[in-house]
Each structure stands twice: as C-alpha cells, then as structure tokens.
Amino acid sequence: MSSTLSNEESGLGDSNRSTEVDGGDGGNFTAYESRFQSQRFDSSFSNFDSQPEKESDLPCGDSSPRPETQSPPSINSFDDTNDSILPPPSAMEKEEGFALREWRRLNALRLEEKEKEEKEMVQQILEAAEQYKAEFYSKRNVTIENNKKLNREKEKFFLENQEKFYAEADKNNWKAIAELIPREVPVIENRGNKKKTATITVIQGPKPGKPTDLSRMRQVLTKLKHNPPTHMKPKLPSPSGADPNVSVSEQVTVTEKL
C-alpha cells in the first residue's frame, strides 16, 4: 500500500512540470505544466457521446429493476427463507418493572410473616383451650363431690325426721297433720332504700306465679277435728280390772257416764 502511494506521488511530481515564463514587463513567472492535457477531456467527452444508449434498447413496458439498482430487502418483510428476529408474542414474557418486583418481594415477606403470626395465635388458642378444659373438669369434679356430700347429709337428715315423724304420729295425730301441711306465708316486701331480698320462700302451685289454694284442705281438717273418725280418736288408758274384750267406744261411754 505504501509503495503504491509513493508511485502515485512520484507520478504526480513528474506530471507537474514547472517552467519559467518571461513576462513582458521584465518579470519571470513560474508556470506549471500538467501531463493531463485538455485534449484528454475532449476525447473522453467524444467517447461518451459516441457510446450507444443501452437503455433505449429496452422495451418501454419492462419495469424490472436493473441488477445494479436493486433495493435492499425490507426489514419487516416476512419471507420463507428469512425468519423473524423476535420470538412470537405468545412466547414473549411481559417485562416487569422494578416497582412491581419490589412489591411482589415485600408482599411475599408480609404474607410469610402473617402466616407465622396466625400459626402462633392458633397455637396459643389451643393451649388456652386445653387449660380451660382442665380447669373446667377440675371444678366440675369438685362441685360433684360437694353435691354428693350435701345430698348424703340431706338424705340422712330426711330419714331421721321421717322415722321420728312416724314414731310420734300415733301419739298426736293433729300435730302430724299440721306438719304435713306446708306453711304458706306471703312474701314480705321491704320498703325504703333497703335491698329487696326474699326472706321467706313461697311454695308455688301448679301454675307458675300463683300459690296453691289450701282453703278447702283447711275446711276438711276443721271438720275432721270436730268430728273425727273412730280410728283417729285417741285411745284412753283402760281402767284396772276392765274387760279387755270391751270395745273402746263402750269404754268411752262408760267414762262419760261416770
């Protein structure tokens, strides 16, 4: 390459020859003579004019482009031989921005922390439930034992009173009857600023809120008291020397006559 440039420079130096020209005023002027003379330009133009026009030989209707003037293939053209550079839209993944990726990361951490807190809360609830069940069953067992003990004491007291009642019923019938009748006393209402407390319990009747009417029972008992039947009359002690075969009514009649 360097040798070619040096040859061209040397040729140019030879072609440009300097000659001194004597001027009319007595001055000398240096003129440069080139080897490329004007007749070469004339000959080149004459040759250009003498060449036949090849384009005139082509038919007018031919629109096929010449091989040297063909345009390059379009970038967006889809040929069978040239595939597209980009993949199809269905295979392309949507690009996520930094904000969306950061939100997804923070959301995943938040969900993980929330799930951990929920598991801890559920565990605490289960432990509290187990503790409550244990306390409930222990209190229930204590209450059952106390109720059993109280019921045994009540049963014992009831049996003792029942035996005592049947032992004294033959001696005093009216006292036994009075004990069988419930004592009904109206509720005492406390007036003033004192706290209202029911000091006496009222035995309710068959209808809620209404006491049992015992007036008819009182009438029957009063009638029986004034005119008792034979088996309810008290037995009088038999006098000494009395006939044991004599009935009680006859003995009462004898005593009245006396």
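Positions of Cβ are set from backbone N, Cα and C atoms, glycine also.
The compositional bias 'Polar residues' annotation in Swiss-Prot covers 1-18 (among others).
The region 'Disordered' annotation in Swiss-Prot covers 1-96 (among others).
Look at Swiss-Prot and you will find SER2 tagged as N-acetylserine, backed by a large-scale study or a structure entry.
Residues or ranges marked as compositional bias 'Low complexity' by Swiss-Prot: 34-50.
The compositional bias 'Polar residues' annotation in Swiss-Prot covers 66-79 (among others).
In the predicted structure, the region 'Involved in binding clathrin heavy chain' (90-152) carries a mean pLDDT of 92. Residues or ranges marked as region 'Involved in binding clathrin heavy chain' by Swiss-Prot on the basis of similarity to another entry: 90-152.
Residues or ranges marked as coiled coil by Swiss-Prot on the basis of sequence analysis: 105-164.
The compositional bias 'Basic residues' annotation in Swiss-Prot covers 224-234.
If you look up Swiss-Prot, you'll see 224-258 (among others) marked as region 'Disordered'.
According to Swiss-Prot, the compositional bias 'Polar residues' annotation covers 246-258 (among others).
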Grouping DSSP H, G, I as helix and E, B as strand, the residues of the compositional bias 'Basic residues' (224-234) number 6 helix, 0 strand, 5 coil
